[in-house]
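Participant: Annotation source TrEMBL lists compositional bias 'Basic and acidic residues' at 1-12. Taken from TrEMBL, the feature region 'Disordered' applies to 1-26, 411-472. Residues or ranges marked as compositional bias 'Polar residues' in TrEMBL: 13-26. What TrEMBL records for 32-408 is domain 'Major facilitator superfamily (MFS) profile'. Under the heading transmembrane segment, TrEMBL lists 36-59, 65-85, 97-115, 121-139, 159-182, 227-247, 259-282, 294-311, 317-343, 364-380, 386-404, 485-505 (among others).
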Amino acid sequence: MTSVGDRSRETSPDSVTGSDSDNSGSRPLRSLAWTVYIPAAAYGIGQGAAAPVMVLTAIDMGAGFALAGLTVALVGLGQVLGDLVSGQVVARLGERWSIVLASSIAIVGVVACLVAPSIVVLLGGILAVGLANAVWGLARQNYLSLAVPLAWRARAMSLFGGAMRFGFFVGPLIGAGAIAVIGVRGGFVVQLVAVVIAGVLMVRLPDPEGAQGSAQAMSLGTTLRRHRRLLGTLGMGSLLLGVARAARDSVLPLWSDHLGLSPATASLVFAAGAAIDVLCAYPAGHLMDRFGRTFVAIPSILLLALSYFLIPFTTSLVWFAVVALILGIGNGFGNGVIMTIGADAAPADGRAEFLAVWRLSHDAGFLAGPLTIAGLAAVAPLSVAVFAASGLSAAGAVLLARFVPRYTPDRPRRSDRFETGRHRPTRPDDATMRRCDDEHVTRPPDTDRTRPGDDAGDDEWNHAQRDETETQRLDRNWNSLLQELRVVQTGVQILTGFLLTLPFHDGFEELGGTLRVIYLITVSCAVGAAILLAAPVALHRALFRQHQLGLVVTYAHYL
């Protein structure tokens, strides 16, 4: 069994990548584009394309509305069931073969949906896709937690979640084209192609150090007992955040129907909120890496609680749209926060098994959220169900505020935020020490003897700094800025163009000129805020310290 000292080294930025890792440079996420983020977007496109046709296919096969609605819930149920075994699968098989297995199960499930002769086969295929989603997601999260430095972990996780959401946002548009050509089951064809593309791209990446399969995997019961205190506190916060995020998919359509809005108008409001959600993905990770996990997790869930509290007071389309956009911002800034916190709290011994149980807590919340809203709406006024969602979100905020600082690293030091590949010994962080106390094991020794501030550390640090001239530092910041801008440029242009032209499409004539102006102003402000928050540190230095006008002009040109 791995010692706690090994665990602490596993969670440090130095041990995650190793001194010779290719990912230890100033931009470790670029190498993951074709093996993590593009496959994630492709997989999300498949899910988004298939989501609407699940219900429609069931109805075409003669199912009633209740049974047809069950098809969507089966995806979440499959993910929850998959979480129960995905930890053992990834721990035994490792990254590569877990992806192969998950992709194979997903392909079988999608083919079953595509050719299903009966409703039973269709439901079985949907359940299989949910099982594959659990293994697929855990394998990628486990990989990112090992392959990316701690100083970049939140951005890596947020981009992964954002890529999935972008795919889910674009998927229905592509699926609509396939349905027009093939028929109702055309969405499943898009999903089949997307799963194959994602699987082929992702298996090309070799497993990082520490992700190889093990002959012995920790059982689910052992994992639950070992981390019962963390799961009973921080895990409950994760579950309530899942409830808060999933409730949006039920609350917004139900309240729009309560207001008497047309389906076209309701779709516009929902699409705008979803697009803002995607735009906030990278800023959320950037802020988490700079200021810590609490800085993003608490405002995110508080915005959700506030939005749910305000929804029952909205009586017009304008205020409903404003609250929906706030809800999208809150949901977007929570993008990747649960995966990041789970990676921070995961031990080296039994990492995959712990992450599976951690994902189980959040996925259970996603499954419980819509069921809670539906159950309350059936026995009480709809406003009571919405207020309940607000109360559960507030309770989750209390738990996260209390326990996120306990189990996650403190705000990263400046030297961690501007990594240049030089790795220095670090002592176990406070979160590791507290986890050791909770699990009643021996604390690791304090091995930090060369931090800046100590005599030896000062000599080493000053010597390293003298090796780099001021010109080299400016060049590095400039190159880093341009690389980061190229990454976000395409996504920002596509999403912003879609948002700004959506109100002028056919079917939205009822909005009127005034509402369109309000919509455009709101979207422009939200996009501008997201862009500013996503700006790298080099831009902030240019704006507020170095006053390099050329850098600012270049930034504006790229966006």
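Note that Cβ sites are derived from N, Cα and C of the backbone, with glycine treated the same way.
Describe the structural context of these features.
Facilitator: Through the fold, the transmembrane segment (65-85) approaches residues 51, 54-55, 57-59, 119, 122-123, 126-135, 137-138, 220, 356-357, 359-360, 363-364, 366-367, 370-371 of its own chain, all at least 6 residues removed from its boundaries and within a Cβ separation under 8 Å.
Residues 46, 50, 54, 57, 89-90, 121-122, 124-129, 131-133, 135-136, 138-140, 185, 188-189, 191-192, 195-196, 198-199, 202-203, 213 of the same chain lie 6+ residues outside the transmembrane segment (97-115) yet bring a C-beta within less than 8 angstroms of a C-beta in it.
Beyond the ends of the transmembrane segment (159-182), by six or more residues, the same chain brings 29, 36-38, 40-53, 140-141, 144, 189-190, 194, 271, 274-275, 277-278, 281-282, 285, 335-336, 339, 491 to within a C-beta distance below 8 angstroms of the stretch.
Counting residues 6+ beyond its ends, the transmembrane segment (227-247) has Cβ neighbours under 8 Å at 297, 301, 304-305, 308, 331, 334, 337-338, 341-342, 345, 354, 357-358, 361-370, 372-373, 389, 392-393, 395-396, 399-400, 402-404, 406-407, 435, 438-439 in the same chain.
If you look at the transmembrane segment (317-343), the same-chain residues 6 or more away from its ends with a CB under 8 A from one of its CBs are 141, 144-145, 153-154, 157-162, 165, 234, 238, 241-242, 245, 248, 252, 255-256, 259, 261, 265, 269-270, 272-281, 283-285, 287-288, 293, 296-297, 299-304, 306-308, 310-311, 354-355, 358-359, 362, 404, 407-408, 511, 515, 518-519, 522-523, 526.
With a threshold of 8 Å between CB atoms, the same-chain residues lying at least 6 positions outside the transmembrane segment (364-380) that come near it are 73, 76-77, 79-80, 238-247, 249-251, 254, 386, 388-389, 392.
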Participant: Among 121-139, 259-282, 294-311, 386-404, which stretch has the highest count of C-beta pairs below 8 Å with the transmembrane segment (36-59)?
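Facilitator: Against the transmembrane segment (36-59), the leading stretch is 121-139.
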Participant: When the pLDDT values for the domain 'Major facilitator superfamily (MFS) profile' (32-408) are averaged, what is the result?
Facilitator: 84
Participant: Taking residues 6+ outside the transmembrane segment (294-311), which of them lie with a CB under 8 Å of any CB in it?
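Facilitator: For the transmembrane segment (294-311), the sequence-distant neighbours (Cβ-Cβ under 8 Å, at least 6 residues beyond its ends) are 154, 240-241, 244-245, 247-248, 251, 255, 284, 287-288, 320, 323-324, 326-327, 329-331, 333-334, 337, 341, 386-387, 389-391, 393-394, 396-397, 400-401, 404-405, 408, 411.
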